[in-house]
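Per TrEMBL, the features are:
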type	residues	note
DOMAIN	6-194	domain 'Fructose-1-6-bisphosphatase class I N-terminal'
BINDING	91, 113, 115	Mg(2+) 1 binding site
BINDING	113, 116, 280	Mg(2+) 2 binding site
BINDING	116, 117, 118, 119, 208	substrate binding site
DOMAIN	198-331	domain 'Fructose-1-6-bisphosphatase class 1 C-terminal'
Ligand code: AHG
Ligand code: MN
Ligand code: MN
């Protein structure tokens, strides 16, 4: 119900499944607490000396920003003690993150991108946190990387929080998608965007055009046809956006439709794409499909990919159903 706060919403959902123990509700509520802490750190920005680079690189050889490191620490510290998780995997950590000895283990695994859109931090453009929740295999209390390598169809929940003009949390537990706006005065996420649905048609696309010469032919054809607008085969004009924060692009698509592409490109063919399957592609695909959209690599449904490593990258094409289907058909 619009206006209820996140905990209320989660408990109402929990009551619909009589077998639920409440552990899952508590886990999501702890994730929300982590996001509030990160929202605060992002918002303080230069006042707290949070901008700029950390002077380190992550496992993927990317320069870490101070806020990447701060957000990662806040996320881990907010969740490691709760007893709801068996382990965590972060974009910023080489290995899976164990639960420290002394804390109880739970039955869930979480994969997360603590701060998405790092290139936008210093220029004050929206960034966010993305997470994906899986079940730990039966009996596993000290998960290895192997235990995390489950296809996206196995996710029990996924969500993201975008730190923009408002801080908004978007969540799916597999029955639709809901959006909650952070009310800083009361410190709660309030359900402001119930049952988000992505329109099947759109006239807005998002892609980093500077990579055009590295794309494969089907993507080049699709984008060229959009750019030709009324004068081309599509016979309608398209608009383009590129925020360079996936959280902001997906939120826009949930709000007014659109298609987002970070396709395979030939800059480094061994990478298979720019975005990470476990921290970005899977959770966003779950959300987009739950809102009536589609998510594909161009050749297969993202959520059906069997992961081979936690830091694996994949091509991502997601959003309004009819446009994604068109791009997939061009890969035919
Ligand atoms: P991250 O900051 O977690 O590394 O992710 C940034 C991602 C994604 O959010 C965005 O769509 C894309 O990288 C931007 O890439 P380009 O800079 O190549 O446009
Ligand atoms: Mn990211
Ligand atoms: Mn990141």
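Note that Cβ sites are derived from N, Cα and C of the backbone, with glycine treated the same way.
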Item to check | Per-residue Cβ crowding (10 Å cut-off), top of binding-site residues 118, 119, 208 | outcome: 118
Checklist entry - By the DSSP assignment reduced to helix, strand and coil, which category contains residue 117 (substrate binding site)? => result coil
Checklist entry - Within 10 angstroms of the C-beta of residue 117 (substrate binding site), what count of other C-beta atoms is obtained when all protein chains are considered? => result 21
Checklist outcome for this item: Result for ligand 3 contact check over binding-site residues 91, 113, 116, 208 with Cβ cutoff under 6 A is 91, 113, 116
Checklist entry - Among the binding-site residues 115, 118, 119, 280, which have a Cβ atom lying under 6 Å from any atom of ligand 2? => result 280
Checklist outcome for this item: Nearest by Cα to residue 113 (Mg(2+) 1 binding site), of the binding-site residues 119, 208, 280, is 280
Checklist outcome for this item: Per the 10 Å Cα distance test against residue 280 (Mg(2+) 2 binding site), the binding-site residues 91, 115, 117 reduce to 91
Item to check | Secondary-structure category, per DSSP, in which residue 280 (Mg(2+) 2 binding site) falls | outcome: helix
Item to check | Rounded Cα-Cα span from residue 208 (substrate binding site) to residue 115 (Mg(2+) 1 binding site), Å | outcome: 20
Checklist outcome for this item: CA pair residue 117 (substrate binding site) / residue 91 (Mg(2+) 1 binding site), Å rounded to integer, equals 12
